[in-house]
Amino acid sequence: MTLEQELRQLSKAKTRAQRNGQLREEAAYCHQLGELLASHGRFKDALEEHQQELHLLESVQDTLGCAVAHRKIGERLAEMENYSAALKHQHLYLDLAGSLSNHTELQRAWATIGRTHLDIYDHCQSRDSLLQAQAAFEKSLAIVDEKLEGMLTQRELSEMRTRLYLNLGLTCESLQQTALCNNYFKKSIFLAEQNHLYEDLFRARYNLGAIHWRGGQHSQAMRCLEGARECARAMKMRFMESECCVLVSQVLQDLGDFLAAKRALKKAYRLGSQKPNQRVTVCQSLKYVLAVIQLQQQLEEAEGNDLQGAMAICEQLGDLFSKAGDFPKAAEAYQKQLHLAELLNRPDLELAVIHVSLATTLGDMKDHRKAVHHYEEELRLRKGNALEEAKTWFNIALSREEAGDAYELLAPCFQKAFCCAQQAQRFQLQRQILQHLYTVQLKLQPQEARDTEIRLQELSMAKDTEEEEEEEEEEEEEASEAPETSELELSESEDDADGLSQQLEEDEELQGCVGRRKVNKWNRRNDMGETLLHRACIEGQLRRVQDLVKQGHPLNPRDYCGWTPLHEACNYGHLEIVRFLLDHGAAVDDPGGQGCDGITPLHDALNCGHFEVAELLIERGASVTLRTRKGLSPLETLQQWVKLYFRDLDLETRQKAATMEERLQMASSGQASRSSPALQTIPSNHLFDPETSPPSSPCPEPSSYTPRPPEASPAPAKVFLEETVSAVSRPRKTRHRPTSSSSSSEDEDNPSPCRPSQKRLRHTTQQGEVKIPDPPKSRETATSSACRAAYQAAIRGVGSAQSRRLVPSLPRGSEEVPAPKTALIPEEEYLAGEWLEVDTPLTRSGRPSTSVSDYERCPARPRTRVKQSRLTSLDGWCARTQAGDGSLNAEPAENPSVPRTSGPNKENYAAGQPLLLVQPPPIRVRVQIQDNLFLIPVPQSDIRPVAWLTEQAAQRYFQTCGLLPRLTLRKDGALLAPQDPIPDVLQSNDEVLAEVTSWDLPPLKDRYRRACLSLGQGEHQQVLHAMDHQSSSPSFSACSLALCQAQLTPLLRALKLHTALRELRLAGNRLGDACATELLATLGTTPNLVLLDLSSNHLGQEGLRQLVEGSSGQAALQNLEELDLSMNPLGDGCGQALASLLRACPMLSTLRLQACGFSSSFFLSHQAALGGAFQDAVHLKTLSLSYNLLGAPALARVLQTLPACTLKRLDLSSVAASKSNSGIIEPVIKYLTKEGCALAHLTLSANCLGDKAVRELSRCLPCCPSLTSLDLSANPEVSCASLEELLSALQERSQGLSFLGLSGCSIQGPLNSDLWDKIFVQLQELQLCTKDLSTKDRDSVCQRLPEGACTMDQSSKLFFKCL
């Protein structure tokens, strides 16, 4: 039924109810009409229906109905972006629900209010709206947990929780609370899947995909969006599916795959949009994408023969990318344009224009240093043009200002710009330059601002006698701009004009690339890289899976994320499909591709709660010890899943989880009787990569693809549900990520099967036909063991391993073992004729079926094509046995038709001389050592034992991580013996697990030398001396050595696993952000570390973020008690990282953040995160924030969040932003007067305090009896009056101060005797340092000095202390 038919039907029913006076019925039809209209984007009409519904229900005094009507009116107003009116109606809904004590409606009211505040945040980015939204959602969730449990069905409760978790996840994502965000989304998706809530599942997956996209995690984003798209299809909601396609196109654009992005946008266009502006957005995005594709194709054609045209196209591409906000691609295009212009020797002025484009684009990318470089190049190319020089110098000054350069570097640029503008007599430009210079001087050099202001006034009074330069003409529209919609292949008739069904549309997604090369039919993929088998496994179509496998579909292909069909079947819980795939040889322990984080099918099943599937995998031999890249075993994955969802699990599921946990524990400890894997009836060729399994048919068509290199991709701005952002206007961020791009095809609507760059290159080969001759009757024998070994090595490389796997193995308990028969013909039996054909592609169409057996005909595809020569002719290389030794020397044949002779007797090769064949390709073995995976080639020319592989893996790990492990290797849980030959136990592309049994840890000095040697870094003598003298000490110090990152790396690697280390001091070096990961790796191996000093190490926000992210979930900083990050340029933006760091160090008692570049903006961006972190730091005793120009407001925010009951020492030296910042003492007094304040030591030196401030401070001393030490030094406006005030206030306390510092204050002598008496009574230590002290003061101290006290009296210093 169409929309118009439904509307007519409901309108008739509404009219009938109106005639009959049935007001409630009429209101119900109004409600239904409003919902239907709103679902199709007609919000204004829907609003009128709900308003009519409200009037009708008010007339019959239906309070609950009125409440619901207010909710619907509020929702419609919110959709029309009238948020104030929407909130008014929603609060009326809340009040009415409260008056009825209806907890269900109260829950919905709070949830609706929260969603509206979330929409307000999306509209105006107000943080206050976010906090209100979070509070509303939490109230709603509390009602569900506390009031509605037991009142509603489990499904209704799950539905409420699903939506609340989703909304809380969105709120936490905007608040940058990543961990909470991920947990909420996981809970929402889990509940939606369990209860088949497809609309909520769609929203959760869609939003999670958008979050992954914004975070640059394209693989995860594509998988989430595909899941959302499946939900939209299941609900037959075309608009929702259209939104998914739009977001998929954005992801693909970021990856540089504009052909695939075009296909996704065309699908979105055909599906339609709920809002008219969304359809306009899709059209604009499609125009942009098509323009890019057109220009890229023109550029590819022009690069070969028309460099001038290519240069123009590069400029058009750069302009197009710039307008779209894709600045990295724009910069790349302009850079290419510049390169071509230099090759063509274009004029200087033309080169200067390109440099301007590059500089502007780099400025948009916030890379102001490089922008300055290009402006300087423009300046060099435009000598003599005063006006252009003025503009360029002005741009240089602005870029340097953005880069944060000092005033001394900015001022000359402004001055040169102003002088050039004067020469060009451009008064308006002069005013602009002086105005900006004036603004800069107010911030950086206030004393010079007055002169600039005077010059500005003089300039504004002067009359401009010349006409100002006209505005630059607007850029003409690109010649290659996309044509109108009708020309852009947007027509509904292009791909589905014949009324194709949904199934045909899905088949269109899986069409192969119709390019120049013939492509394997099984390698057809959709935009996600999914094959037909992937789709069948996702949709649970067992019959389809069976048909595909029987027809020869590969079993283990990967999609673009890296998932195999078995992964998908396990993820969706299709037990019978999993069973079928395992029966036919699917890889049970496949860890997935690069985007899968090492998740095996068992991990996937457990992470989705499919316990029957997990049980089947374990029975079929799945490893229970393999870990993901995050270090999680299957058992830990299950425990994490139970912990996350425990509250939402029913009793049966909890019991199943407990049973599975016991099963995994028994299996991992070796107590479970593990079922042997079923015999693989269709085994994979061991020379295949795991990305594509061999087909089950004997002679499959080979697949091929062309990989593209990775390039820089931008991370886009935020996109929310039901609100897509045009590709022409979204801002970008610069990131480097692997991209996937489609290869060219004749029909661009067909997805390409050869897109993802992570796939490995494959070549198609055909195995040569082998003819086995009849045994000869007689022959001379001259056999040697060396000859047979050479043959065996050669034939092993040809593909005999595949045949061995196909032959059934003997039972282990068999007593009668038949004599082994060699697959080779002994030299004494073979014929001298040419019995082995050349292994080149054959031209004949077929072979007799009786020539060889089936398994001998099965192809073996090596990775690299190897041309094999005939064994009985000298077409390639032959070997000669030198007299006196048995070595083989290979030489090229001089005449391929004449047999070569060797040896002194010149015997013909037919008499028994061996041949040296071309070396077979090496076996590749993947070795997993903890979180590192190494691919190690094993040459087959010499049979290597497993011990050799172990040594190679250990050396590679040492080269990468700096630690030399002692390893044992396991394959599928079986221990590999060191003496076994590698080809006998492993096949190419097998993955083995290396278990670290111990570490090779020589003395610290030797470890440092070994690390320097492996890194090619020279030894630093002072570090070597420190290593020698501190090797057995629990403390290691390498301070003030100015070690650069290259010199610090071997030092940090040498300290790995130095478990005795408790204190590490690296102050005064150049660690920087780049070395943070190396430091983290070392900290992760020193669990007993309690002190870490990283002060003055050039550590910035990025380095701190890396330390925090790497230490999350690990024990790297768990025992740390003292951390010094002073004198590092952390800046105001480090708030989130600092909060995470505090949470990662639960035992931290001392934190020093002196001179870290904090300003008045500190705490503004991440106040909630930092506040919560400080409040949770229950062990924090000492905090230093000195020498950060916080100012009074920022200091107040800081002190509000500090734990008053536990903090003992607080250093706030020199935190006043300026001399006029007189309110610095007020937040300190508020903190001291807090209930339970435990502060004992307070430092307020160098804060421009005066007598008034000290007077206010002294009044609060009786309220803070814990304070025993006060440092007010370096405050020159503090006089004797302040000292008297302090002493008087101390008399009101039960005890005085143990320390009072007044050095650098204006204490003038002589002090009267009463004052000295108070000093000796109330103070145990006093420091005075002022030139105004007199000799009488010194005499008074000597006369009144109590026993056990000492003094220091020298020049202007007067210190005393009671011992």
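Note: Cβ is positioned from N, Cα and C throughout, glycine not excepted.
According to Swiss-Prot, the feature compositional bias 'Acidic residues' maps to 465-510.
Sequence annotations record features per position, and here Swiss-Prot assigns compositional bias 'Polar residues' to 666-684 (among others).
Under the heading compositional bias 'Basic and acidic residues', Swiss-Prot lists 771-780.
The annotation compositional bias 'Polar residues' is assigned in Swiss-Prot to 842-853 (among others).
Broken down with DSSP, the repeat 'TPR 1' (27-60) shows 30 helix, 0 strand, 4 coil. Taken from Swiss-Prot, the feature repeat 'TPR 1' covers 27-60.
If you look up Swiss-Prot, you'll see 162-195 marked as repeat 'TPR 4'. Residue counts of the repeat 'TPR 4' (162-195) by helix, strand and coil are 30 helix, 0 strand, 4 coil (DSSP-based).
Taken from Swiss-Prot, the feature repeat 'TPR 5' applies to 202-235.
Summed and averaged per residue, pLDDT over the repeat 'TPR 6' (242-275) gives 84. If you look up Swiss-Prot, you'll see 242-275 marked as repeat 'TPR 6'.
The repeat 'TPR 7' annotation in Swiss-Prot covers 311-344.
Residues annotated as repeat 'TPR 8' in Swiss-Prot: 352-385.
Taken from Swiss-Prot, the feature repeat 'LRR 2' covers 1088-1108.
Taken from Swiss-Prot, the feature repeat 'LRR 3' applies to 1119-1140.
For 1147-1168, the entry in Swiss-Prot reads repeat 'LRR 4'.
Tertiary neighbourhood of the repeat 'LRR 6' (1206-1214): same-chain residues 1154, 1177-1187, 1189, 1195, 1228, 1238-1247, 1271, 1274, selected by CB-CB distance under 8 Å and a gap of 6+ residues from either end. Taken from Swiss-Prot, the feature repeat 'LRR 6' covers 1206-1214.
Here Swiss-Prot flags 1238-1261 as repeat 'LRR 7'. Broken down with DSSP, the repeat 'LRR 7' (1238-1261) shows 10 helix, 4 strand, 10 coil.
Look at Swiss-Prot and you will find 1296-1317 tagged as repeat 'LRR 9'.
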By Cβ distance under 8 Å, which residues at least 6 away from the ends of the repeat 'LRR 2' (1088-1108) in the same chain are close to it?
-> 1035, 1039, 1059-1077, 1079-1080, 1117, 1119-1131, 1133-1134, 1136-1138, 1140-1141, 1144, 1147, 1152, 1154
Long-range Cβ contacts under 8 Å made by the repeat 'LRR 3' (1119-1140), restricted to residues 6 or more beyond its ends, are 176, 1067, 1087-1101, 1104-1105, 1107-1109, 1112, 1147-1159, 1161-1167, 1169-1170, 1172-1173, 1179, 1184
Residues from the same chain, set at least six apart from the ends of the repeat 'LRR 7' (1238-1261), whose C-beta lies under 8 A from its own | 1186, 1204-1216, 1218-1219, 1221-1222, 1224-1226, 1228-1229, 1231-1232, 1267-1275, 1277-1279, 1281-1282, 1285-1286, 1288-1290, 1292-1293, 1299, 1301, 1304
Residues in the repeat 'TPR 8' (352-385) grouped by DSSP into helix, strand and remaining coil | 27 helix, 0 strand, 7 coil
Write out how many residues of the repeat 'TPR 7' (311-344) are helix, how many strand and how many coil, based on DSSP.
-> 30 helix, 0 strand, 4 coil
